[in-house]
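Asks: Pulled from Swiss-Prot, these are the listed features:
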DOMAIN    6-77  domain 'KRAB'
CROSSLNK  K109  SUMO2 cross-link
ZN_FING   187-209  zinc finger
ZN_FING   215-237  zinc finger
ZN_FING   271-293  zinc finger
ZN_FING   299-321  zinc finger
ZN_FING   327-349  zinc finger
ZN_FING   411-433  zinc finger
ZN_FING   439-461  zinc finger
ZN_FING   467-489  zinc finger
ZN_FING   523-545  zinc finger
ZN_FING   551-573  zinc finger
ZN_FING   579-601  zinc finger
ZN_FING   607-629  zinc finger
Amino acid sequence: MAHALVTFRDVTIDFSQKEWECLDTTQRKLYRDVMLENYNNLVSLGYSGSKPDVITLLEQGKEPCVAARDVTGRQYPGLLSRHKTKKLSSEKDIHDISLSKGSKIEKSKTLHLKGSIFRNEWQSKSEFEGQQGLKERSISQKKIIFKKMSTDRKHPSFTLNQRIHNSEKSCDSNLVQHGKIDSDVKHDCKECGSTFNNVYQLTLHQKIHTGEKSCKCEKCGKVFSHSYQLTLHQRFHTGEKPYECQECGKTFILYPQLNRHQKIHTGKKPYMCKKCDKSFFSRLELTQHKRIHTGKKSYECKECGKVFQLVFYFKEHERIHTGKKPYECKECGKAFSVCGQLTRHQKIHTGVKPYECKECGKTFRLSFYLTEHRRTHAGKKPYECKECGKSFNVRGQLNRHKAIHTGIKPFACKVCEKAFSYSGDLRVHSRIHTGEKPYECKECGKAFMLRSVLTEHQRLHTGVKPYECKECGKTFRVRSQISLHKKIHTDVKPYKCVRCGKTFRFGFYLTEHQRIHTGEKPYKCKECGKAFIRRGNLKEHLKIHSGLKPYDCKECGKSFSRRGQFTEHQKIHTGVKPYKCKECGKAFSRSVDLRIHQRIHTGEKPYECKQCGKAFRLNSHLTEHQRIHTGEKPYECKVCRKAFRQYSHLYQHQKTHNVI
């Protein structure tokens with residue numbers, strides 16, 4: 001028997017206008033998925049001709065029945081069958097494509113659509129041998145869904161439908177006999193009395209009562225009523241996403257998902273609201289939008305009274321109150337209440353960041369993060385607060401800001417009763433009480449309460465400093481550091497001391513400065529009891545007790561406990577004195593030395609004694625002076641036990657003993 005090339009008609013299912021109108025939304029969606037997948041599989045097998053009209057219509061989201069009679073009979077080279085294509089009549093059974101003797105069908109599934117049966121031949125491993133000495137060909141791992149149906153009359157699907165019309169034939173009285181739709185005939189469910197247009201719908205409905213779910217997933221045990229549902233579900237386990245966007249490379253499990261996504265690139269919004277002329281990418285978005293005009297919000301939460309337009313969002317919201325988190329990450333065990341949150345979370349483990357900013361090269365895990373980031377380059381802040389006019393790059397920032405005006409904080413901590421505007425803020429806060437630090441550094445094992453803090457910490461190991469100052473080129477690990485640094489270039493010092501009039505760039509500098517006037521030293525050493533104005537000074541002091549001197553000078557080998565001391569010491573070798581006095585021209589290696597020197601010219605004496613009112617340029621001079629009032633003499637001679645208020649006095653005294 002001669003080999004014949006398989007045409008597009010061999011793998012298509014046709015409907016007349018009347019038949020198409022009988023299908024419900026789910027069945028039309030199934031038809032669209034199957035047809036598009038058939039066509040894509042044929043293309044992958046070598047077809048390079050023009051695209052059939054029916055495929056074009058399906059891709060555009062239009063109804064295919066108009067072009068059903070125009071389906072091309074064009075032949076597709078590279079794919080062979082053992083039978084020539086035949087015109088199909090309404091009274092003849094549709095036959096299978098039969099393969100050569102060595103053919104093995106690993107798996108066969110049947111998809112039903114209003115009584116029509118789609119034969120789904122999976123992974124056909126066939127070897128075709130031509131009559132004229134052609135080499136063996138193997139077609140493996142190809143998924144081809146054929147319109148042909150097995151002639152095996154014992155197949156259980158024949159109980160629903162034994163024959164199907166060719167699309168060139170209109171629906172007639174024989175349609176009922178074939179399991180098709182006849183709008184005049186109603187089928188009643190004996191269990192609940194529900195009425196259906198056809199046997200197929202009734203059969204599907206009855207599975208609700210019987211609980212029949214014959215298709216089981218071997219991976220997770222989940223069961224489905226139909227094989228095509230199982231097929232789609234299995235892609236979640238395999239990770240298979242056969243539909244790829246040509247623009248950005250993003251892949252999808254279903255073709256309709258790709259179709260919706262592509263509208264983002266084209267900018268097409270074909271679904272328009274007749275009330276306000278607003279356009280949308282999908283019909284679902286339009287349907288949701290219409291409820292704004294109708295005011296229909298049918299799903300109300302009994303816990304908090306919040307209302308929702310869609311039951312899907314309502315069910316997601318309910319999980320906040322119940323605490324149910326059905327979506328668990330297999331990598332780290334973290335659970336989520338929403339499937340989309342799990343999908344986003346999993347990208348953390350893969351490390352994939354497919355969305356790159358063309359301006360600065362920064363990459364992101366999610367497309368909307370990139371969209372938000374782009375606004376920083378464009379300077380756009382589209383989200384404006386109607387109360388105060390403040391604008392934001394990100395909608396979430398605006399939502400957080402609004403809580404300032406409303407003052408509503410519905411989420412309260414059960415331990416300390418502190419209230420928060422957002423549940424996420426409460427979750428983070430609760431870690432203070434529990435001590436939970438879920439984000440651990442793999443390099444050093446240090447753990448953190450916040451992921452953002454871990455990200456900043458990891459840059460210590462990698463050395464990455466992504467934030468660069470455009471003025472001087474200096475780079476920083478943390479965004480807040482560059483924000484502070486930028487104020488150096490502006491020379492703006494908005495924070496002024498009421499006592500002495502000194503101004504500061506940052507509020508915390510002013511806070512520390514005010515302790516000089518108040519004498520407050522909140523940071524105390526547990527070893528020796530010495531107290532400090534600044535936390536940093538205490539940290540440096542603690543190194544004296546530990547004996548740790550991690551900063552070594554490569555020039556002379558001298559070690560230092562403080563980085564600042566080490567930096568200043570290095571200037572001895574380099575001789576660099578970058579800080580010059582504008583009054584007298586004297587230069588200094590440290591900026592602090594220049595500031596102290598400038599007090600000679602200005603006459604500034606910020607350190608005042610509370611006992612007698614005497615003022616000093618240096619804090620150390622005030623400390624020495626206060627010993628006159630207290631009588632404290634901390635410097636004692638080890639030879640004669642005489643004590644002194646100042647170290648310089650002890651130094652001079654020791655010369656009398658020839659100690660120095």
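Every residue gets a Cβ built from N, Cα and C, even glycine.
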Asks: Take the zinc finger (411-433) and average the pLDDT across it for me.
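Replies: Across the zinc finger (411-433), the average pLDDT comes out at 86.
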Asks: Determine which residues of the chain contact the zinc finger (327-349) at the Cβ level, with the cut-off under 8 Å and only residues 6 or more beyond its ends counted.
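Replies: Contacts with the zinc finger (327-349): 316, 319-320, 365-366.
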Asks: By DSSP, what is the split of the zinc finger (607-629) into helix, strand and coil residues?
Replies: 11 helix, 4 strand, 8 coil
